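J.: Dumping what Swiss-Prot says about this protein:
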REGION    1-266  region 'Amidoligase domain'
BINDING   SER14, LYS187, THR188, LYS189, PRO190, THR191, GLN192, LYS223  UTP binding site
BINDING   SER14, ASP147, ILE148, GLU149, LYS187, THR188, LYS189, PRO190, THR191, GLN192, LYS223  CTP binding site
BINDING   SER15, ILE16, GLY17, LYS18, GLY19, LEU20, ASP72  ATP binding site
BINDING   ASP72, GLU140  Mg(2+) binding site
DOMAIN    292-534  domain 'Glutamine amidotransferase type-1'
BINDING   GLY354, LEU382, GLY383, MET384, GLN385, GLU405, ARG462  L-glutamine binding site
ACT_SITE  CYS381  active site, nucleophile
ACT_SITE  HIS507  active site
ACT_SITE  GLU509  active site
Amino acid sequence: MKTKFIFVTGGVVSSIGKGLASASLGALLESRGLRVTMQKLDPYINVDPGTMSPFQHGEVFVTDDGAETDLDLGHYERYTSARLSKRSNFTTGQVYFSVIEKERRGDYLGGTVQVIPHITDEIKHKILENAKGADVAIVEVGGTVGDIESLPFLEAIRQFKADRGAGNVLYIHVTLVPHIKTAGELKTKPTQHSVKELREIGIQPDILICRCEMELPRDMKAKIALFCNVEEKAVITSTDAEHIYAVPLALHKEGLDEQVVEKLNIWTKAPDLSPWHSVVEKLRSPLRGEVRIAIVGKYVNLTESYKSLSEALTHGGIANDCRVVLTYLDSERIESEGIGSSFDDIDAILVPGGFGERGTEGKIKAIEYARTQKIPFFGICLGMQMAVVEYARNVCGLEDACSSEFRPDCANPVISLMEEQRDIDRLGGTMRLGAYPCSLTKGTFAQKAYGSLEISERHRHRYEYNNAFRETLVANGLVVSGLYKEGDLVEIVEVADHPWFLGCQFHPEFKSKPLNPHPLFRAFIAAALDRKDKRR
């Protein structure tokens, strides 16, 4: 089958839910037996989000091949079986970088390099490269229609219909239908203007996904269809769902996937959505109650910074048939005010990744509390590193132990810069990134969770466990349960004399899915449930 292309744009406001809509559509099409690939086009000039502040951009999602990408790719991987790569996310910066490189090589034979056709051709080339081998390629265009940054991308996808044929290209526009409480009415005018602006560019949307607080009445759907030149059945209501994993079911009920396959003339089997129904039922009515997990971090005022993490914890709850309630605690506040009653109602503690010294002493206090009070603990990336520092200080007696990231001249740098990072003077794309193999020690928390001795996980770091201190730490009871053998790099540490205490250098949250929860999150939530049951 010739690859079909679905382009998803957004209008009226940003953060309207294009990523979730795209991911949900991917899940629906996969349930019909189609091979789906996903892609995000980001209009910002940064080459990638790797050096952007979490407060501005939210989470950086890492793929197996080491791409630092937009957090929407996390949605795509969680909702579909698509294995995403560096080709799955590109920015204005990457496009212009490629075109300028070609111009310097002389690829354009002295011609004047312009937005049309050179920039738009490069965008189309990158879309086509990612779509190889797929039945359907879903491409989300970041930003909002009307943004000046988005214009080259919109022009490129406009050209796709002429290039690939009208029957092989579909445009979906996600828009807002606000409810004006003082008037008690839903207003369609913002949607009309957004579609008008899109049509001025040359794109006629085939389907509208209308984000609103309540179901759109039939007469309002008819009005939107009339003014926006779409079929009434192609006006899809999308209200806020009880759980984000209910969105595919809600969009299916509205007929989104039926409209897509009909308009693209694709014959498919009937959708099998039973796995999604099972997930939603477990979220709605868990048999084992709830557990409370504390996330001790420095970006807690913007929880989008921990998007994959919070979702992976939810997946752990699905696997254990319980609801996971998250409490975000500011590590700086713990650093200045102490533990106090922060963990009185908590069943487990998690310290996530991050960069920089700010708030790290608060994380160390939380880790010490988890270790000494026998509370299940999970440390990820920086969280694992701070667990090593805490153990070195409070168990091994190395009082000035620290990471050389924060104190380059400390006497006991139990966490140090990786050897291959020492001569690097550029920040962008230079960390240890992507999937690496890890060998597990039999009988440890990690090995029992995975049920295997060999695993592969995704990384994003520059600093590592300092092997110069391994003998001392191991002699005092800190178990090395996971090792990257090729570089003799410690990947996982544990405290054996503890209900469940594990720190890992990698980011397991990037590989967790609602239909396939990650083994470590499954085990962590199980340990939290066990503690909760014993405290009754």
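The backbone N, Cα and C atoms fix where each Cβ goes, and this holds for glycine too.
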J.: Looking at the binding-site residues listed here (SER15, LEU382, GLU405), whose Cα lies nearest to that of GLU140 (Mg(2+) binding site)?
T.: SER15
J.: When neighbour density is defined as the number of other C-beta atoms within 10 angstroms of a residue's C-beta, which of the binding-site residues SER14, THR188, THR191, GLN192, GLN385 has the lowest density?
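T.: Fewest other Cβ atoms within 10 Å, among the binding-site residues SER14, THR188, THR191, GLN192, GLN385, is found for SER14.
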J.: Per 10 Å Cβ neighbour count, which of the binding-site residues LEU20, ILE148, LEU382 ranks highest?
T.: LEU382
J.: Give the sequence-ordered list of residues that share a chain with GLY383 (L-glutamine binding site), lie 6 or more positions from it, and have CB atoms under 8 Å from its CB.
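T.: Counting only residues 6 or more apart in sequence, the Cβ neighbours of GLY383 (L-glutamine binding site) under 8 Å are LEU350, VAL351, PRO352, GLY353, LYS363, ILE367, GLY503.
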J.: Using the residues the record lists for ATP (SER15, ILE16, GLY17, LYS18, GLY19, LEU20, ASP72), what whole-number Å value is the largest Cα to Cα distance?
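T.: Answer in Å: the longest Cα-Cα distance is 12.
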J.: Ten-angstrom check, please: count other Cβ atoms within 10 Å of the Cβ of SER15 (ATP binding site), all chains counted.
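T.: Step by step: centre on the Cβ of SER15 (ATP binding site), count other Cβ atoms within 10 Å, giving 10.
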J.: Looking at the binding-site residues listed here (LYS189, LEU382, MET384), whose Cα lies nearest to that of GLY17 (ATP binding site)?
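T.: Considering only the listed binding-site residues, the nearest one is LYS189.
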J.: Give me the count of other Cβ atoms within 10 A of the Cβ belonging to LYS223 (UTP binding site).
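T.: Taking every protein chain into account, the count is 17.
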J.: Taking the center of the Cβ atoms of GLY354, LEU382, GLY383, MET384, GLN385, GLU405, ARG462 at the recorded L-glutamine site, which other residues in this chain have a Cβ no more than 8 Å from that point?
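T.: Not counting the recorded site residues, we get GLY353, PHE355, CYS381, MET386, SER403, ILE415, HIS461, TYR463.
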J.: Quick one: Cα separation, GLY19 (ATP binding site) versus GLU509 (active site), in Å?
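T.: Rounded to the nearest whole number, the Cα-Cα distance is 18 Å.
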J.: Mean pLDDT over the domain 'Glutamine amidotransferase type-1' (292-534): what is the value?
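T.: That stretch averages a pLDDT of 92.
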J.: On a simple 10 Å Cβ count over all chains shown, which one of the recorded positions LYS187, HIS507 is most densely packed?
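T.: Ranked by Cβ atoms within 10 Å, first place goes to HIS507.
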J.: Judged by the number of other CB atoms within 10 angstroms, which among CYS381, MET384 is the least packed of the recorded positions?
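T.: Taking CYS381, MET384 as the recorded positions, the minimal 10 Å Cβ count falls on CYS381.
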J.: Of the recorded positions listed here (LYS223, GLN385, HIS507), which is spatially closest to LEU20 (ATP binding site) when Cα positions are compared?
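T.: For LEU20 (ATP binding site), the closest Cα among LYS223, GLN385, HIS507 is found at HIS507.
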